Amino acid sequence: MKQQTECLMPTADTIASPERLPLLQLLALTLASFLATANETIPAGLLDQIASGFMTSEAWAGQTVTLCALGAGIAAIPLTVLTKKYPQRNLLLISLITFSVCNLLTALSTHFIFVLCLRFIIGLATGLAWSILATYARSMAPPHLQGRALAIAMLGIPLALALGVPLSAWLSAFIGWRNIFIILSITALLLTVWVLFRVPNYQKNTSQRSVALKTVFTMPGVRPILFLVMAWILSHYLLYTYITPLLTDLGLKTQIDFILLVFGLSTLLGIWLIGLLVDQHLKKLIFISLTTFLIISVLLSLSFNHLGLMLFTVFTVIWGLSFSGAPTLLQTVLANAARENADIAQSLLVTVFNLSFACSGIIGGILLETLGTHYFPFLITFILAVALEVLFIYKKVIF
């Protein structure tokens, strides 16, 4: 704990109260994590409109998600190293300004290739944001409240999934997808002002002992856990990114915003349950969550041609509950395995997470163009089955 509290050095008059959390400042980080998540996921609910707007296929429109995730995955580790001497607030401001400018240009652009370039740049800024948010949140809190501070800052992730994605999908039907990006741009600009004037500045302590990434990567349990991250995230986003064409093929195109809302609310409920149980039942929760997701994918494979709204809604609730705890569970088990090198392991997790997200867009796009959406559940089933086998084989070193 001492190592964590010394890793960031506050400027004058910014030290947190030893008895309470600086909620106003932490809520700014909540909104930052909301925007970072929204940048990556909101286009998934707008694929048909983006494709129509640029007269391209939904598979190509899906690459707006892929390139953002690819940028975030590529950026996480190198930006963590390159920016270690810079104050945290300055880095967050750079991310937010990039969000605002790139989202505005996306809304105004008439060239799809330019939009793809902008999405990659937003991904780089998103990777920068993810590389600092956790330590920034902990730096604002006294040692005994750092976990709670982190939970508050990361609340933006489920909120973006529960509210941001379905709300944008619904709202775009009235104001168009371009105005959704304008709203994101304005929100990022307002948050920039908030952070600039109301959030304290901190600078990393560069005197800490440097540990090689290879050292952390080869620690017992780390590689199997990162494989689980890859498999779980790849499987989830194969389904989530291409939910629009999948529902269209099922005759449920008009229910996209409803299904996304159901998924989001299910994740909120699941995160609450995971928060209550994760410290006591980490191993059981990971096994149960992965197994449940596998069962859902098998059922989707077997009943794809007979799915109505009610049955797919039930599947969505269970899917949301099973995935909701994935970030928390994976971060916790990896931190336990990496011990005092948890921060370095976190940069590895962010990289694997986002590159898996990016791969889901590429693989899903190819699958959509060649075989169709009804093959998605079969591929997901295979990936999850391999993940569970790895979990069983390496459970002793993972836990």
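A Cβ is built for glycine as well, from the same backbone N, Cα and C atoms used for every other residue.
What TrEMBL lists as transmembrane segment is 21-39 (among others).
Residues or ranges marked as domain 'Major facilitator superfamily (MFS) profile' in TrEMBL: 25-399.
Beyond the ends of the transmembrane segment (59-79), by six or more residues, the same chain brings 39-41, 43-44, 47-48, 50-51, 112, 115-116, 119-128, 130-131, 213, 237, 241-242, 347-348, 350-358, 360-362, 364-366, 368-369 to within a C-beta distance below 8 angstroms of the stretch. For 59-79 (among others), the entry in TrEMBL reads transmembrane segment.
Annotated transmembrane segment per TrEMBL: 91-114 (among others), in sequence order. Beyond the transmembrane segment (91-114), the same-chain residues lying 6 or more positions past its ends with a Cβ under 8 Å from any Cβ of the stretch are 32, 35-36, 39, 54, 56, 60, 83, 121-122, 124-126, 128-129, 132-133, 136, 178-182, 184-186, 188-189, 191-192, 195-196, 199.
The annotation transmembrane segment is assigned in TrEMBL to 120-137 (among others). Below 8 angstroms of C-beta separation, residues 4, 7-8, 26, 29, 32-33, 36, 39-40, 67-76, 79-80, 83, 88, 91-92, 94-96, 98-99, 102-103, 146, 149-150, 152-154, 202, 204, 343, 346-347, 350, 354 of the same chain, each at least six residues beyond the ends of the transmembrane segment (120-137), sit close to that stretch.
Marked as transmembrane segment by TrEMBL: 149-171 (among others).
As annotated by TrEMBL, transmembrane segment applies to 177-197 (among others). Sequence-distant contacts of the transmembrane segment (177-197) (same chain, six or more residues past either end, CB-CB distance under 8 Å): 28, 31-32, 35, 38-39, 42, 46, 49-50, 53, 89, 92-93, 96-97, 99-101, 103-104, 106-108, 168, 171.
Summarising the annotation, TrEMBL assigns transmembrane segment to 217-238 (among others). Here the transmembrane segment (217-238) has long-range neighbours at 65, 69, 286, 290, 293, 297, 323, 326, 330, 333-334, 337-338, 341, 345, 348-349, 352-353, 355-357, 359-361, 363-364, 367, 376, 379-380, 383-384, 386-387, 390-391, 393-394, 397-399, meaning same-chain residues at least 6 beyond its ends whose C-beta is under 8 angstroms from one of its own.
Residues or ranges marked as transmembrane segment in TrEMBL: 258-278 (among others).
The transmembrane segment feature in TrEMBL is assigned to 285-304 (among others).
Marked as transmembrane segment by TrEMBL: 310-335 (among others).
Annotated transmembrane segment per TrEMBL: 347-368 (among others), in sequence order.
The feature transmembrane segment is assigned by TrEMBL to 374-394 (among others). Tertiary proximity for the transmembrane segment (374-394) is limited to same-chain residues at least six positions away from its ends with a CB under 8 Å from its CB atoms, namely 221, 224, 227-228, 231-232, 234-235, 238-239, 242, 246, 249, 286-287, 290-291, 293-294, 297-298, 300-301, 304-305, 363-364, 367.
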Among 21-39, 149-171, 258-278, 285-304, 347-368, stretch most in contact with the transmembrane segment (310-335) (C-beta, under 8 angstroms): 258-278
Closest-packing stretch to the transmembrane segment (285-304), where packing means Cβ pairs under 8 Å, from 21-39, 149-171, 258-278, 347-368: 258-278
Contacting positions for the transmembrane segment (258-278) when only residues 6+ beyond its ends and CB under 8 Å are counted: 45, 151, 158-159, 161-163, 165-167, 169-170, 240, 243, 247, 252, 285, 312-313, 316-325, 328-329, 332
Segment-level pLDDT (mean, integer) for the domain 'Major facilitator superfamily (MFS) profile' (25-399): 89
